[in-house]
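The structure appears right after this line, and notes come after that.
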Amino acid sequence: MKTSASPGAHVITTKTVLTEQSHKSYRPLTVLTFRWNYAIHGLQPAGYHLVNLLLHALVSLLYYRVCAMFLPEFASFVAAILFVVHPIHSEAVTGVVGRAEMLSSVFFLGALLCYARAASRRRHTDWRYVVACTACVGVAMLCKEQGITVTAVCVVYEIFVAQKRRSSSGRSWLEYWGKGGWGYACGEAARRVATVCCATLALLAARLHVMGAQLPVFTRFDNPAGASPPPARHLTFAYLPALNAWLLTLPEALCCDWTMGTVALLQSWRDPRNMATLGLAVMLVAGTIHALRTRSSALSMGLALLVLPFLPASNLFFPVGFVVAERVLYMPSMGWCLLVAHGWRLVAKKQAKLAAGALVFLLLAFSAKTYIRNWDWKTEYTIFASGLKVNRNNAKLYNNVGHALESEGKYGEALEFFKIAVNVQPDDVGAHINVGRTFNHLGKYQEAEAAYVKAKSLLPKAKPGESYQARIAPNHLNVFLNLANLISKNATRLEEADLLYRQAISMRADYTQAYINRGDILIKLNRTKEAQEVYERALLYDSGNPDIYYNLGVVLLEQGKASQALAYLDKALELEPEHEQALLNSAILLQELGAADLRHIARQRLLKLLDKDATNERVHFNLGMVCMDEGDAECAERWFRAAVHLKPDFRSALFNLALLLADRRRPLEAAPFLKQLVRHHPDHIKALVLLGDIYINSVKDLDAAESCYRRILELEPDNVQALHNLCVVAVERGKLAIAEECLTRAAVLAPHEHYIQRHLSVVRTRLAAVSLTNSNTRPSDGSDAEVRARWNYIPQQPPDPHESDPS
């Protein structure tokens, strides 16, 4: 999308941006570590993966310390080594975004260890460790929300471990609680638990404040069960924990995406998968009862670590944006590994060889699967393609394979996957958008429009009194933008495009991109005042968006308000100092304002752009224009040559370089650049005029000059300058009669151009002299050669010497 600035100025491109609706994931400490990585090595992946591996190693060491509180040394080692190689961790450790799981786990385990130290004394609490515990809870939550569940784990530790250890008799925990433990529980233990719980509630309140006391919005494609009516909703959500438990136990069929149709809904009680739900419930209840009876610390804490960290992602209390996510099993796997190690220890007491063989087999199997799974994560294509081997009912996987191919420019192959996605999930708006976008890349605009229209028809319809924004995925609104961008290529359909943008805005008032794109359409419709109002309205929703200020600058340039436009461009640079378009166009505007101090600022901004991208030919060209304005011809020539080198068909750079060389009396050097310009842009009239003049004055090639002028007259039959110069060619050839006829026509076209009248008079005088000479028998002093020698006027370039960049 391009918007022309004021007449004669450079064309300025508006910029678009999309801010998606948040999923309410406030993880500032995780983001901070990513910023540190980026500051050190940019987007090179090795550094991010190294940090993830180091974090996984740290978590494993802390986990070993935790296990050692409940198991013997070797059994603790078994639990830790199982945790290290468990294939379910591949997504969290190998996928960079999984860092949130590991960072949160570090402080999760730190909080538990601190609480254990605080509760380790029989009579008094070490409150330093309680404070450290609450701090770790807060930090864990700031890494990932799941970290707050450590408070519940600490409570379980207090009740089932710390209080059990304080029972000096052999009575069961229930007897201890009923017959003597109550007094102490109301003392130090109660204060410990109350302190940690109150601090957690305060953190939770702060978290809810950050979220705006609202749950994030998800679509039925993200979590189909969440949008399903009972009993499918409840039966499916109840089944998902059993599916997760199965993945922990047998992590063979791993998939990077479990949304959409991956897990078919449980529509009735007769679905056999309900047996898995029932089986898991029975095992958890039986395990809990057994832990109470046997007072087993390992069993009770294993169950707590397995169940409690999983609850926020279980869909049982509130819907989340996924069906299954392997990365969220990072913490629950601690409980699973602890339970397996505990069971292995019991088996090893009776069947040592069997236990050893089973352990070796399990470790080898897990290690091999983890190794293979890491290769799946090598590229976007390989990870999504591996998902299709596990599940072919997930349209999102087909879409993501298509995206990976599309990013490599393989649009034909990508289109096939997008079409399969449409077949698998016909009501997936995003799949139809992908089909339309790919058709657009392939130049099949009618097919693209049809796909966008189909996607638009699938959007949910608004109901009276219901907010549309809460019922539609923000990225699905892209269909309005994509369709509008497509049809706006036809200048007769701009009003139709504007209507689409207005529809998108009516569905989501804070849809910034729709405002920006609509403003561009209004500029094309020459409704700049409305465009200004649209951008100003967008600022109400996103006052820190530099692109909106940039586009306001474009609008004000359209209105001829250069100083106000510059103020908005400067504001965009204040918000984003590296904003390339604002840097370039503000530099051009500063240059055109003409003041010497402003040209200095323009040069600085252009040089800053050059540091960012030395291959941008427009920057080189505009640096040359700055040098021209400062009268430094050598500097200008150097920058123009650089621009032409980078872009051999750069219209403005070629012409200005040729004009500069011609003005410096180097016409033979200018001619090749003019020929190059005319070869790429055969309709460049100024170049043809200047080239024709060089052919006449320097090369003495009248045929080439005549060809230039006739080409101009083909493009502009009434071009007086070309017609006049064609007359000059006739004079140079001694064809005075043709020259008189030519000049007569030029005089009719431009009766107020005195030089044409004067030259016509000279030609007629010479014709009269030739006629008189021909009537005499003696040789004449007014021969054709003499006439050509006395003709001394060849018009040069028009007064405006430069041509601005139209690209």
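Each Cβ is built from the backbone N, Cα and C atoms, and glycine gets one as well.
Note that TrEMBL annotation is computational and uncurated.
In this model, the domain 'Glycosyltransferase RgtA/B/C/D-like' (39-166) carries an average pLDDT of 92. Taken from TrEMBL, the feature domain 'Glycosyltransferase RgtA/B/C/D-like' covers 39-166.
What TrEMBL lists as domain 'DUF1736' is 213-284.
What TrEMBL records for 774-807 is region 'Disordered'.
According to DSSP, the secondary structure content of the repeat 'TPR' (395-428) in residues is 27 helix, 0 strand, 7 coil. Residues or ranges marked as repeat 'TPR' in TrEMBL: 395-428 (among others).
The feature repeat 'TPR' is assigned by TrEMBL to 429-462 (among others).
Taken from TrEMBL, the feature repeat 'TPR' applies to 512-545 (among others).
For 546-579 (among others), the entry in TrEMBL reads repeat 'TPR'.
Annotated repeat 'TPR' per TrEMBL: 617-650 (among others), in sequence order.
The transmembrane segment annotation in TrEMBL covers 71-88 (among others).
Annotation comment: TrEMBL describes 100-118 (among others) as transmembrane segment.
The annotation transmembrane segment is assigned in TrEMBL to 299-322 (among others).
Outside the repeat 'TPR' (429-462), and at least 6 residues removed from its termini, the chain residues within Cβ reach (under 8 Å) are 221, 395, 398-399, 402-403, 406, 411-412, 414-415, 418-419, 421-422, 468, 471-473, 475-476, 478-480, 482-483, 486-487, 489, 507.
Through the fold, the repeat 'TPR' (395-428) approaches residues 221, 255-257, 259-261, 379-381, 384-385, 387-388, 434-435, 438-439, 441-442, 458 of its own chain, all at least 6 residues removed from its boundaries and within a Cβ separation under 8 Å.
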